[in-house]
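Undergrad: Structure below; questions to follow.
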Amino acid sequence: MARSFAQLARTAEKTKGSVAVPKEPLDHPPLQIHTLGNGVLRQSTRRIGKVDESVRDLVRDMLRSMYAAKGIGLAAPQVGIHKQLLVLDLDLETPTTPPVVLINPEIISSSATVETYEEGCLSIPGVYLNVVRPSEIVLSFRDEMGRPRKMKADGLMARCIQHEMDHLEGVLFVDRVTDENELSLELKEHGFKRADVRPLV
C-alpha cells in the first residue's frame, strides 16, 4: 500500500541514523552543482546496490549542497555522481521537518490529469518556465536505510519528484518546455545556450 508523503515524513522523524543536516547556508558546500551545458548532466545513471553509510554520507553532502543553494530538490547527476539518488525538502523553514531521500526510484503509475506549473532548477539558475506533468504519481524506492517503500504524491511533491527523476535519465526541465520563444528568451537572458536543450516535445 502506497503511503503519503506526510506519513513517510513522520516515520523518518522516528528513524535512527537520520541523514538530516542543518538547513543553513554554507560558504563552501561539499559538492559542486553543475549547470546546463555541462555534459555530465546528460549521462545515464546506475542503480545503487547496497545502501550503506557511504550512501548516507553522500545524501548528507547532497542535502548540505542543496540547502546552500536554497533549493528544494537535488539529484545525484547534478553533482556529477551517476547514481539513482535524489533528495527533496519542501519545507526549508522548519528545521525539524525531515528531508525525503529516494534511492532507485521508479514511477509505478501516474494520473491522466496533468497540470502546468512553473519550474526552476539549480542547474539552470534564474530560468523559470512552465512545464506540463501528471498531477499525481505512485512510486517505489528505497529509503536511506535501504528499506523498500512506496509513496503516493501529488501537488508540488509529485512535480518535484518527476523533475528530479528526469535528471536520472539525463533530462532537464527545459527539454519539456513547449513555448519555444519564451524558452529562447529566458536562456539567453541568463547566459545559457539554446543548443544545449534537447527537446522532448
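Just so you know, glycine gets a Cβ as well, placed from its N, Cα and C.
Below are the features I grabbed from Swiss-Prot:
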- Cys121, His163, His167: Fe cation binding site (BINDING)
- Glu164: active site (ACT_SITE)
Undergrad: When DSSP states are folded down to helix, strand and coil, where does Cys121 (Fe cation binding site) land?
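TA: Note: Cys121 (Fe cation binding site) is coil by DSSP, not helix or strand.
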Undergrad: In whole Å, how far does the CA atom of the residue listed as 'active site' lie from that of Cys121 (Fe cation binding site)?
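TA: Just about 9 Å between their Cα atoms.
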Undergrad: Write out, in the order they occur in the sequence, the residues of the chain not among Cys121, His163, His167 that have a C-beta within 8 Å of the mean position of the C-beta atoms of the recorded Fe cation site.
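TA: Neighbours found: Gly73, Ala75, Gln78, Glu119, Leu122, Ser123, Glu164, Asp166, Leu172, Phe173.
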Undergrad: Would you mind listing, in sequence order, the residues at least six apart from His167 (Fe cation binding site) in the same chain with a Cβ closer than 8 Å to its Cβ?
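TA: The answer is Leu41, Ala75, Ala76, Pro77, Gln78, Leu86, Ser123.
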Undergrad: Name the secondary structure element type, per DSSP in three states, that contains His163 (Fe cation binding site).
TA: helix
